[in-house]
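What Swiss-Prot annotates here:
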type	residues	note
BINDING	Gly45, Thr46, Gly47, Lys48, Thr49, Ser85, Lys220, Leu221, Arg222, Thr224, His226, Asp237	ATP 1 binding site
BINDING	Thr49	Mg(2+) 1 binding site
BINDING	Thr286, Gly287, Thr288, Gly289, Lys290, Thr291, Trp327, Arg447, Lys453, Met454, Arg455, Ser457, His459, Lys461	ATP 2 binding site
BINDING	Thr291, Glu314	Mg(2+) 2 binding site
DOMAIN	1-243	domain 'KaiC 1'
DOMAIN	257-509	domain 'KaiC 2'
Amino acid sequence: MKDKKISKSIKMQVQKIPTGIEGFDDVCRGGLPAARSTLVSGTSGTGKTVFSLQYLHHGICNFDEPGIFITFEESPLDIIRNAASFGWDLQKLIDQNKLFILDASPDPDGQDVAGNFDLSGLIERISYAIRKYKAKRVAIDSITAVFQQYDAIYVVRREIFRLIARLKEIGVTTVMTTERVDDYGPIARYGVEEFVSDNVVLLRNVLEAEKRRRTLEVLKLRGTVHMKGEFPFTMGDDGIIVFALGAMRLTQRSSNIRISSGVKDLDEMCGGGYFQDSIILATGATGTGKTMLVSKFIEDAYNNKERAILFAYEESRAQLNRNATSWGIDFEKMENEGLLKIICAYPESTGLEDHLQIIKSQINEFKPKRLAIDSLSALARGVSLNAFRQFVIGVTGYSKQEEIAGFFTNTAEEFMGSHSITDSHISTITDTILLLQYVEIKGEMARAINVFKMRGSWHDKRIREYIITGQGPEIKDSFSNFEQIFSGAPHRVISDQSIPNVFKGIEKN
C-alpha cells in the first residue's frame, strides 16, 4: 500500500521538458513544466521572439518534438528570414512537416472590427494543426498584439484564457510572449497577461553606465523549484545564451602538479611553482611588470609544448609582440607553430557577457592548457561592480571546470603605497596573488614583489626587490633593512650592530 502511494506521488510531480537554451534549463532546474504555459515578458528588443523560436527550433532538432508557431505581429516570411541570422533553417523544418507557422498577424490594409470578439475559429485552427503535425511545443508571439487590436480588455483576457486552457487540455507545452513598458515596472503592458499563465519569465535590457546589459529572471514556475534572481544573458550567432552562475558546482578536481611561472626565482618563492589548475592574479601599478609576468607564463607553456591563449584588452598585437621581443620572447613564432593564440579587443567593444562568451568559445575551440587575461581592470571600466564580479566568477569557474591554469592582471589605481585588492572580490576567487609595487629607496625608484597569497602551499613571505632585464625579471634579495615597504613610506630598520654597546643590555619596557 505504501509503495503504491509513493508511486502515485512520483507521477503527480511536475514533469519538465528541456528548452535546449544554454543556461536557461539550469536556471529552471531542468526546463519548463510540461503541458503548461509560460509567459515571456520584456520590453522591445529584449529577445522575446528569439526565445520562443529557439525553444521551438531546439525542440525539433534536439528532441524530435514538432512545434507550432503562432504569430500575431510579424509575417511568416519575416520570421523565417530573421531566424536564418541565427543559423536556423525554419523553411527546411516546414518542408519536413516538423514546424507549422500559423499566421494570425493583422491585415496590413487595416480592418474594421464589428461584433463580439471571439477566438473560437483560431482555437480550432491551432487544435487542428497540433493534431496534424503531432506537435509537442507551441509558441505564441505575441498576445500583446491581440490586446492592441481590441478595446475590451476583459473580453480579450477571457478568450486568451480559453486558448491557454485548450492548449493545456491537449497537453502541449506553450511559450507565449508579451510586451512590457518598463524593465522594472508592471509585468505586462495590460496587467492581466500574467494571470492566464502558469509560469513567468522576465527578460530585461537595462542601460548601465551607457551600456545595455541583458538579464533573465524566472519570476514564477508554478509547482516546482527554480533559481532566484537575475542572470545575465547574451544573444550570439546561436541565439540566447544564459550565464547561470548560480548553477556552477565546486566539484572540479584539485591537482598537486606544479607548473612553472617561467621565472626560476618566482617558482622558488611559490614553493615550486603554481598549481596547474590554479588562478593567479598579478596586481600592481602601471609599469610594474605585470604583462612581463604574463609573457613569461606563456613562454613556459610554449617550452613545454602546451597551448596558451592570451586575451589582451589594453595593448595591440603589434605592441604585445614588440614588448615580448624586448624580453627575448617571440610571440609570432609561437602563433605560427599553433601553440599561442592572441585575441586583442577594446573592453568597450561589447558587453561583459559577450566578452565572457567569446572567452568560453575560444577556449572550447583552441583547447589551451593556459589562459591569460591582460587586464581585468580594463574590463571593469564603465560597468557595475556586480556585473564585473559575475564576469570574473564566470571566467574563473569555466577555467577550473576545464582544468586550465589562468593568469590575470589587475592595474592598481595607486602608483605607490598600499592598495586594495578586495574591492571587486577578486582576491577571494583567485588562488595565488602576486603584489607588484614601486618603492622609493634613497631617492631612487625600485620595484618590489611579494607572494601575498597562495592556497594550499608554503610560499615566501618576504618582500623582494626585482629588476627588469632583457631576459625578463630578475628577483633579488628582500628589503631586509627596511620596513613598511608597501605603505609608500619605507624607513630603515636599526640593526643591533648600529646600537652603541652601552645600550645593548638595556631591556625594552
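Note: Cβ is positioned from N, Cα and C throughout, glycine not excepted.
Among the binding-site residues Thr288, Lys290, Thr291, Arg455, His459, not one has a Cα within 10 Å of the Cα of Gly47 (ATP 1 binding site).
Among the binding-site residues listed here, namely Gly45, Thr49, His226, Gly45 has its C-alpha nearest to that of Thr286 (ATP 2 binding site). Mean pLDDT, taken over the domain 'KaiC 2' (257-509), works out to 86 on the 0 to 100 scale. Here ATP 1 is bound by Gly45, Thr46, Gly47, Lys48, Thr49, Ser85, Lys220, Leu221, Arg222, Thr224, His226, Asp237 per the record. The longest Cα to Cα distance in that group is 34 Å.
Checking each of the binding-site residues Thr49, Lys220, His226, Lys453, His459 against Glu314 (Mg(2+) 2 binding site) by C-alpha distance, the shortest gap belongs to Lys453.
Among the binding-site residues Lys290, Thr291, Trp327, His459, not one has a Cα within 10 Å of the Cα of Arg222 (ATP 1 binding site). Neighbour counts of Cβ atoms within 10 Å were compared for the binding-site residues Gly45, Gly47, and the top value is held by Gly47.
Cβ neighbour density within 10 Å is lowest for Arg455 among the binding-site residues His226, Lys290, Lys453, Arg455. Put simply, Thr291 (Mg(2+) 2 binding site) is 44 Å from Thr49 (ATP 1 binding site) when counted between their Cα atoms. Counting in whole angstrom, Thr291 (Mg(2+) 2 binding site) lies 11 from Trp327 (ATP 2 binding site) by their C-alpha atoms. Among Thr286, Gly287, Thr288, Gly289, Lys290, Thr291, Trp327, Arg447, Lys453, Met454, Arg455, Ser457, His459, Lys461, the residues given in the record as binding ATP 2, the maximal Cα to Cα distance rounds to 29 Å. Closest to Arg455 (ATP 2 binding site) by Cα-Cα distance, out of the binding-site residues Gly45, Lys220, His226, is His226.
Checking each of the binding-site residues Gly45, Lys220, His226 against Thr288 (ATP 2 binding site) by C-alpha distance, the shortest gap belongs to Gly45. Annotated pair His226 (ATP 1 binding site) and His459 (ATP 2 binding site), C-alpha to C-alpha distance, rounded: 43 Å. Counting in whole angstrom, Trp327 (ATP 2 binding site) lies 48 from Gly45 (ATP 1 binding site) by their C-alpha atoms.
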